[in-house]
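Listed in Swiss-Prot:
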type     : residues : note
ACT_SITE : H11      : active site, tele-phosphohistidine intermediate
ACT_SITE : E89      : active site, proton donor/acceptor
MOD_RES  : K50      : N6-acetyllysine
SITE     : H198     : site 'Transition state stabilizer'
Amino acid sequence: MTRFALTVVRHGETRLNKEKIIQGQGIDEPLSETGFKQAAAAGIFLKDVKFTHVFSSDLTRTKQTVHGILEKSKFCKDMTVKYDSRLRERKYGVAEGRPLSELRAMAKAAGEECPAFTPPGGETLDQLKRRGKDFFEFLCQLILKEAGQNEQFSQEAPSSCLESSLAEIFPLGKNCASTFNSDSGTPGLAASVLVVSHGAYIRSLLDYFLTDLKCSFPATLSRSELTSVSPNTGMTVFILNFEKGGKGRPTAQCVCVNLQGHLAGVNKTP
């Protein structure tokens, strides 16, 4: 069995987030002052986690967020970030740069509702989901290949320290599962991956995990909580399990969804 952890973080706040302006892919807005503080708070929260791989969308707000996270890390300060366009936000076409209220008005005029409505030049939800699936399958193949190489050239079993570094910081509660499912007979994590992306993208990825992978989620979470947009720097953690040989889809367990305890005090205006 090959197991790995996937920690997904939304970028920090931008000025346009606060003003409820659609950014999508075409408006490459930097983080606001609050956004930088959120990224730093996320970094402090994750500072003891030993990530083996770090990926980010190639848009400015995610680049600045992942940098803010890693500069607080005890173990990952010098880690190379792989920027991937497949992690970009949903493309909103003509709605980019316009208020969210206008997007909702466009949807209403078309007899549809957000987020299912696709503005002209935008990306459909199915296209967004396929993009997320493509990245996830690439990631799985990368981890399986590296795990196979490590198994071939090293007699050492996967280390339990990757998992313990996660288990120590993610508190149990309403948004968290009760365990990482790591009993004595379960191998340690082969990898611990950090991904920094965007609100609509992460919501689509959650839908893929729920409907396609039949991922188990914390029982206390409602369907509406699973489909809501993550807060800025909200964190969602999955454990993926591949049976020996790595054939077929992995089984997936969600440890927590849109965790935001690290933001206590950060978002308060003085």
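Placed from the backbone N, Cα and C atoms, the Cβ positions cover glycine too.
These numbers come from a predicted model, not from an experiment.
Distribution of Swiss-Prot features across the structure.
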{"residue": "H11", "record": "active site, tele-phosphohistidine intermediate", "Cβ neighbours (10 Å)": "33"}
{"residue": "K50", "record": "N6-acetyllysine", "Cβ neighbours (10 Å)": "17"}
{"residue": "E89", "record": "active site, proton donor/acceptor", "Cβ neighbours (10 Å)": "26"}
{"residue": "H198", "record": "site 'Transition state stabilizer'", "Cβ neighbours (10 Å)": "23"}
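Comparing Cα positions, H11 (active site, tele-phosphohistidine intermediate) lies closest to H198 out of the recorded positions K50, E89, H198. Taking the Cα atom of each, H198 (site 'Transition state stabilizer') and E89 (active site, proton donor/acceptor) are about 5 angstrom apart.
E89 (active site, proton donor/acceptor) is 26 Å away from K50 (N6-acetyllysine) when you measure Cα to Cα.
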